[in-house]
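J.: First, the structure itself, so that you have it in front of you.
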Ligand SMILES: NC(=O)C1=CN([C@@H]2O[C@H](COP(=O)(O)OP(=O)(O)OC[C@H]3O[C@@H](n4cnc5c(N)ncnc54)[C@H](O)[C@@H]3O)[C@@H](O)[C@H]2O)C=CC1
Ligand SMILES: CC(=O)C(C)=O
């Protein structure tokens, strides 16, 4: 198995894409540290990972808090005996016309989606350097990190920022054997999209389900994305086969945005 003996930390692992990534990495042989702000669901995912024959541990942390992210990385190393892969997946969406955005909105979403990724990059890179080996840092961007989406303007800005951090970190850490890449999903059928669809319905008067349907109809491959689709790309980026790739923000969207 491609990730046998490796240790991977995934943030936002309680559900959705993060859960899918954690279970795929476990299936590929990695021991997994599951981090989220939601404690209860983490334990369920831990059981699912252990059933795949690997070690798993949980840690409750808010990625917007630098100390908590650093503590999560320390915990992963102590509990699992190594540290090789960091997946900065946790994020939140916000559907709002730009005209209505408040400073409180931007503080919240920037702190989670941008700073959360930055703290994860810092903590993981320092850990790889202290341990004296290479490492993989993999960040959640989006199609909205390649194209700004109406009503998702602030969210889109955070996902463009993730690409900037990914490129800068790739350059800063390349000499240490650390690669830094981002994955850019399209329309994934998770709770995040349930919330996005509901907010669009409130703001635009669209019927419930209509916005999601409209976006899915625009996908060339003809179906919504699943967490497993995203996890397949992340598993590649976590393994040795991607060793010569760094600083990239790779689209996995079934054919929506072409770069
Ligand atoms: N669902 C989609 O269509 C797409 C999602 N993405 C990105 O993928 C990532 C995962 O999204 P989904 O799984 O769909 O979302 P989701 O809402 O289903 O799950 C997000 C997870 O992150 C956790 N989380 C939120 N804030 C946190 C914080 N401050 N600290 C720790 N954990 C926190 C939540 O508790 C939850 O378990 C996000 O970064 C999102 O922006 C990117 C493109 C498309
Ligand atoms: C949630 C998200 O990133 C999009 C573009 O749907």
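Each residue, glycine too, has its Cβ placed from N, Cα and C.
TrEMBL does not curate its annotations; it predicts them automatically.
According to TrEMBL, the feature domain 'Ketoreductase' maps to 6-186. TrEMBL lists 15-17, 36, 62-63, 89, 155, 159, 185-190 with the feature NAD(+) binding site. What TrEMBL records for 155 is active site, proton acceptor.
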J.: Would you mind listing, in sequence order, the residues at least six apart from residue 89 (NAD(+) binding site) in the same chain with a Cβ closer than 8 Å to its Cβ?
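T.: Listed in sequence order, they are 10, 11, 12, 13, 17, 18, 21, 140.
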J.: I want to check the contact list for residue 15 (NAD(+) binding site): same chain, sequence separation of six or more, C-beta distance under 8 angstroms. What comes out?
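T.: 38, 41, 190, 191 - these are the non-local Cβ neighbours of residue 15 (NAD(+) binding site), listed in sequence order.
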J.: So what's the mean pLDDT when you look at the domain 'Ketoreductase' (6-186)?
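T.: Over the domain 'Ketoreductase' (6-186), the predicted model scores a mean pLDDT of 98.
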J.: Roughly how many Å lie between the Cα atoms of residue 62 (NAD(+) binding site) and the residue listed as 'active site, proton acceptor', rounded to a whole value?
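T.: The Cα atom of residue 62 (NAD(+) binding site) is 18 Å away from the Cα atom of the residue listed as 'active site, proton acceptor'.
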J.: Pop the Cα-Cα gap between residue 155 (active site, proton acceptor) and residue 186 (NAD(+) binding site) into the table, whole Å please.
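T.: A Cα-Cα distance of 14 Å.
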J.: What residue among the recorded positions 155, 159, 188 has the most other CB atoms lying within 10 A of its CB?
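T.: Its Cβ has the most other Cβ atoms within 10 Å: 159.
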